[in-house]
């Protein structure tokens, strides 16, 4: 039974692609084997039930991760390595492709960067005149409101790296991506300051636990 349970997700992936698999099936492939009296598929479901979600599992620190029966330091190290490789892959994709042509890659990148943060983080992507990434910068931490975000600091950094365009981003630790009035006001202030220097604000993305809200897609820019 163990072998059948282990092979089923792999066969499904080969036949239909990784997107066809559930969270626990993907985790089962990662875990590879179960433990005594607990086949890998059951172990995978137990692990996800314990953490509550794939997001919580990936966010767990070493102590919390290794405290779960069937998980250990080896799996923790492997999962951290996979997560970091994903971040680097997405960054390299953004460096080689005009960002404006691939908003989904930007969203995935920002999710890997910000979805696990317990505090609000305001990040800016600085782009060249072909909308390729020059650099990313975390500029403000804590409660993100009009008094905590300084447009002049953003414009100063943009001029320093000769950026022609910006993508703004910040996370909502609550997971709710709907923009507040304060979010809209901050965006307008930055946009006005950028226009004075002939720098475009292409989008402002609010990052939740599993998705992003785009100001541009919702006609708020």
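Backbone N, Cα and C define each Cβ position, glycine as well.
Database features (Swiss-Prot):
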type    : residues      : note
BINDING : 170, 172, 183 : Zn(2+) binding site
DOMAIN  : 98-221        : domain 'MPN'
MOTIF   : 170-183       : motif 'JAMM motif'
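A map of Swiss-Prot features onto the structure.
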residue: 170; record: Zn(2+) binding site; CB count, 10 Å: 24
residue: 172; record: Zn(2+) binding site; CB count, 10 Å: 21
residue: 183; record: Zn(2+) binding site; CB count, 10 Å: 22
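Residues of the motif 'JAMM motif' (170-183) grouped by DSSP class, helix first, strand second and coil last, total 3 helix, 2 strand, 9 coil.
Taking H, G and I as helix, E and B as strand and the rest as coil, DSSP gives the domain 'MPN' (98-221) the counts 41 helix, 34 strand, 49 coil.
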